C-alpha cells in the first residue's frame, strides 16, 4: 500500500537517512567510541573534525563555508559582550536565508532541491547553536572565557548528531558534559545501543503504519472531506495528526538522542505523549515546540522577565517567544497566525489559572 505523500518532513528525513545520514551517524559513533576508549581527553576535537568532514561531504565546500562563516561572524560579534547586538546579528544571519537572490545562488550549488533544502535546514538549526554560544559568552565573566573559545564553538556547532535537525543542546550543557571524563564501559554502551535500536525500530514501524494506513495529511490538504466531516471526525483527525507528530519525533530525535547518550552526554528529553497532556502550556513545551522550547525559555522568555515580571511583562516575553519561533520556522503568514493562536492559548490558560488561584475563588470552588 502506498504511503501518504503529503508529510514532507517524514519522507524527506527518511530518504536522507537511508541514503547517507545514517551511515555518517554510524561513523560518528565509531569515532566517538574509539576516542573515548583511547584518547578521552581529545574526544571533543575528534568529534569536531569528524563533524566538519561529514558537513563537507554532504553539503560541499560552499555549504561548509557558509556554516563556518556564520560561526565566525557570531563569534566576532559576541566579543562586544552585548546581548542585544548578539540577537541583532543572529536575526540578520537568519534573514539571509530568505533573500531571493541568495536562495537562487545557493540552489545553483546543488543538483537537486533536496540537497539545497538540506543546507537550508542545517543552517537554520546552526543559527540557534551560534546564538546559544554567543549569548553564553556574553553572560560569563572573564575567568570563564577560556571555556568559550572559538575551537569550543566549532566543536559545539559541528557536533554531528544534532547537526541537521537538532535537537538543541545549550552550549553550557554541552561544554560541561563534554569536558567531564567518565569511566568507559564497552559492555554498558553496547547494551544501551541494542535497547535503543529496538525502541527506535518499534517507533519507526509504528510511524510507517500510520503514514501508510491513515492518510491524515492527505485529508487535511483537501477542503472537501473536511467540510463534509462531523465535528467528532474533525476532532479525531486533529488528535491523529498530533499523535503522528509525536511518534515521528520519537524517531527523528530518538536517533541523535541515542548517539548523544553513547557519547557520555545527557540527551534532551524526547517529546511526551500528547494523550497524557491536559495543559495547553505543557503541550506546547513538551510536544509542539520541542526543538527550540528550552532555547526560547533560556534566551528569550526568562531574560525578558517571564512569569516573574508584571502582567504586561509576561505578555510581552511570551509574545516575543512565539514571534521568534514563527520567524525561525520561515516567517510565512500562516506561521504568524499559528504563533498568535498559540500565544493566545497560553495567555488564556495562564490567566485562568491566576484567576482560579485567588483565595475568594478558591473558597467558592
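Here, residue 1 is simply the first one shown, and the rest follow in order.
Each residue, glycine too, has its Cβ placed from N, Cα and C.
In TrEMBL, the annotation transmembrane segment applies to 307-328, one of the ranges 307-328, 329-350. When Cβ-Cβ distances below 8 Å are used as the criterion, the transmembrane segment (190-211) is approached by residues 3-4, 7, 10, 29, 240, 243-244, 247-248, 250-251, 254-255, 258, 261-262 of the same chain, each at least six residues removed from its ends. Using the rule of three or more Cβ pairs under 8 Å, pairs at least 6 apart in sequence, the transmembrane segment (150-169) is in contact with the transmembrane segment (116-135).
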